Amino acid sequence: MLAFCYSLPNAGDVIKGRVYEKDYALYIYLFDYPHFEAILAESVKMHMDRYVEYRDKLVGKTVKVKVIRVDYTKGYIDVNYKRMCRHQ
């Protein structure tokens, strides 16, 4: 297990960050975890026309997201915005 494993969020945590686009996927710069970024899982699965609408709505905004998956060995964090919206 790597040293930074203890500084990553757990699945089910709600975290806050700013959305940006990179390589046709939406990522989130995490405010509480400054050395890590998370990927919005639903942005990868979308068709391009729906993705463009989704991107225009979220890029540059500060949002709360729910952590759905964490790979502690690689430092990958997958988050979901839709699940967070349903709970609010």
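Heads up, the Cβ atoms here are built off N, Cα and C, so glycines get one too.
Features as listed in Swiss-Prot:
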- 8-82: domain 'S1 motif' (DOMAIN)
- 43-53: region 'Binding to host EIF2AK2/PKR' (REGION)
- Lys45: site 'Involved in host species specificity' (SITE)
- 74-79: region 'Binding to host EIF2AK2/PKR' (REGION)
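A sphere of 10 angstroms centred on the C-beta of Lys45 (site 'Involved in host species specificity') encloses 9 other C-beta atoms. On the 0 to 100 pLDDT scale, the domain 'S1 motif' (8-82) averages 89 in this prediction. Mapped onto DSSP helix, strand and coil, the domain 'S1 motif' (8-82) counts 18 helix, 34 strand, 23 coil.
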